[in-house]
Amino acid sequence: MLIASQLEPTYARRVYPCFDEPAMKATFNIRIVHDPNYVALSNMPAIDVSEMKDENGSLWTVTTFNTSLKMSTYLTAFVICDFDYITRTTQGNEIRIWARKEAIKNGYLDYALNITGPIFAFLEDILNISYPLPKTDLVALPDFGAGAMENWGLMTFQESSLMHIPSDKFTSRKAMIALIVSHELGHQACEILRYFFFMFKWFGNLVTMKWWNDLWLNEGLASYFEYLGATFIEPRLSLDKIFYDHVVQRVLREDNEIGVRSLSESEDKIKGSFSLMSLFDSITYNKGASVTWMLSGFLTEKLFLKALTLYLKEFSFSNANQDDLWTHIQMVIDAQDEVQLPASVKQIMDSWTCQNGFPVLTLNVTTGTIRQEQFLNKKNEKSTDSYNNTWIIPISWMRNGSSQPLMWLDKSSKVFPEMEVFESEYDWILLNVNLSGYYRVNYDKLNLKRLALLLENDPK
């Protein structure tokens, strides 16, 4: 027998009476009555294990858990199993990984245990916030439809997400485990690639979105940090390439239709549990991560992390929406003079989160003109978005291999004299360096010809 809960988004109400909304946080006292041959796990450590007999004389075990921290109902969790575990304590945080006894015996969970502690330390260091729980259980479930879930103190995973055969050397499998662990830990500060993804999810536990229309604050931020965590653990990973191939490119292929929703939806557009489930999609995870990647790029990682730390500390054990995040980023921007923005953080970021799709930039190197329009799969489609399909776009660029200062396009078309090329066939312009922006680029024939010549002469 194996019982494991999955209460996100609105299933806590099926387990116990509650106001099952993310903003209605509370502390929880959990007690589980179960078969004596099994162990019961929950968000907090067990503080008492006793026995009781029912009216038929059958013997049961009663496991009582410590009072939880203040958290949303969807994060309450329990597992009843006969698994074995391996354990390690890092900076006062007891980490246990539970799995089938055979898998534990064969060492299939050792890699996950070895990287979990360092991921916690990495997150605490870059965010300057201590993990608030005394223990963390990670449970490998043989069959788990949700893939993984960041329940505070009791993370649950599809078994395949945590297992690694010790005889393997560095493989894509280890990279995938590193990603998943990182994401779920990240939900633990704001509630840290799949394993990293769920390790980083203290984003949604410590600071939860006020409602599901801003789900990307949980999932998108965690998706971004999972890649930072994964490359911290496995430095051989090429962060830029992996992030673009697995996150940006994937969602760009989906976010090019008129009917695709925006990243942050208005509450009145989301009705019923069916609509809530539809929010757990590539737009939330991958577009959220891509926009965060771009945001960190034009702010600089240093300022972005500083703002995020302020945000997490301000709203710890509480709720926030995206405007709260923009406000704290703006506070950091206003307190320095190295990074200058063409508009407020809210104006810039709302143009990316509150309208659907993304832009394509067309550069004419003869005139230095850049034009933006929404990239659509079908050219004859037209959007009726209130932003008029205009984004405030950070443009990283280089000329003849030399990086240039960041430029901004804040209207449908703008002339950049710096981007006019000379007659030399070796004078060329490249936009969106390192693919840091959430947009595509189109060039005129002259620049395409010169870029093609460059590649012919130097394919590297």
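Quick reminder: no glycine exception, Cβ is built from N, Cα and C everywhere.
Quick look at what TrEMBL lists:
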| type | residues | note |
| --- | --- | --- |
| ACT_SITE | GLU184 | active site, proton acceptor |
| BINDING | HIS183, HIS187, GLU219 | Zn(2+) binding site |
| DOMAIN | 2-75 | domain 'Aminopeptidase N-like N-terminal' |
| DOMAIN | 111-352 | domain 'Peptidase M1 membrane alanine aminopeptidase' |
| SITE | TYR285 | site 'Transition state stabilizer' |
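On the backbone, the CA of TYR285 (site 'Transition state stabilizer') and the CA of GLU219 (Zn(2+) binding site) stand 5 Å apart. Here the recorded positions are GLU219, TYR285; the one with the fewest Cβ atoms within 10 Å of its Cβ is TYR285. Counting residues of the domain 'Aminopeptidase N-like N-terminal' (2-75) by DSSP class, helix then strand then coil, yields 6 helix, 27 strand, 41 coil.
Restricting the average to the domain 'Aminopeptidase N-like N-terminal' (2-75) gives a pLDDT of 97.
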